[in-house]
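Chemist: This is the structure I want to talk about, given as structure tokens.
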Amino acid sequence: MLKMGVVLFIVLVLFPLATLQLDADQPVERYAENKRLLNPDERRGIILHALGQRVCCPFGGCHELCYCCDG
């Protein structure tokens, strides 16, 4: 009877806890994979935007991640 209680405890409590930890890791891996797919210019723009910095736009093509420079 005690052995059956131990087996039930493992199956009903410990096994679901182990699987929940694995599920929690998946969004982080997916986020990292999406970041690797960005080209370097997009990645740089995202980082500069997060830091609150802006750079000059190339060839006068101004948008929200940069500002127009007179030079």
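Backbone N, Cα and C atoms are what each Cβ position is placed from, and that goes for glycine too.
Among the features that Swiss-Prot reports, disulfide bond is placed at Cys56-Cys68, Cys57-Cys66, Cys62-Cys69. Residues or ranges marked as aspartic acid 1-amide by Swiss-Prot: Asp70. The feature signal peptide is assigned by Swiss-Prot to 1-24.
In the displayed structure, how are the listed features positioned relative to their neighbours?
Modeler: Summarising the environment of Cys68 (disulfide bond), the number of other Cβ atoms within 10 Å of its Cβ, over all protein chains shown, is 11.
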Chemist: How big is the Cα-to-Cα gap, in Å, between Cys68 (disulfide bond) and Cys57 (disulfide bond)?
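Modeler: Approximately 6 Å lies between the Cα of Cys68 (disulfide bond) and that of Cys57 (disulfide bond).
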Chemist: Hey, of the disulfide-bonded residues listed (Cys56, Cys57, Cys66), which one tops the CB count within 10 A?
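Modeler: Counting every other Cβ within 10 Å of each candidate, the maximum falls on Cys66.
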Chemist: Measuring Cα to Cα, how far is Cys66 (disulfide bond) from Cys56 (disulfide bond) in Å?
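Modeler: A Cα-Cα distance of 5 Å.
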